[in-house]
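Some notes on the structure that comes next.
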């Protein structure tokens, strides 16, 4: 059995296959998944799993070079942003895009992870780094 916190097979597979510059999106329950992009649906009920728990589990395995957030997040300040601030040392450089442009960016993601999070704009694009 794996020793790291991340147990989801599909999510572990995607992370293991990511290379430098690849994108993984973690989204709230309402974020649309573009056609042709793999969706890893973790949502069970509203709020379960929450965005923060999924982000922490992903960061246990993924080396992140930078991350992208929607500008609208700064106005709404969902709990996800509080967790992102807490984890900023593991997230690399930050970039801001409009929510519409964030959705355009998600078209080039290796996968979109759908959480049960129901707070608006609780989405992040993680751009993979290297460990060497």
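Yeah, the Cβs are placed from backbone N, Cα and C, and that goes for glycine too.
The following features are taken from Swiss-Prot:
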type	residues	note
ACT_SITE	20	active site, proton donor
BINDING	28, 99, 121, 122, 123	substrate binding site
Between residue 28 (substrate binding site) and the residue listed as 'active site, proton donor', what is the CA-CA distance rounded to a whole number of Å? 25
Across all chains shown, how many C-beta atoms besides its own are within 10 angstroms of the C-beta of residue 123 (substrate binding site)? 27
For residue 99 (substrate binding site), which of the three DSSP-derived states applies: helix, strand, or coil? helix
Can you tell which of 20, 99 has the most other C-beta atoms within 10 Å, given these are the recorded positions? 99
Around the recorded substrate site (28, 99, 121, 122, 123), other residues with Cβ within 8 Å of the Cβ centre, ordered by sequence, are 27, 30, 31, 70, 72, 73, 78, 80, 102, 119, 120
Diameter of the substrate binding set by C-alpha atoms, the set being 28, 99, 121, 122, 123, in angstrom: 13
Return the member of 99, 121, 122, 123 nearest to residue 20 (active site, proton donor) in space, with distance defined Cα to Cα and candidates limited to these binding-site residues. 123
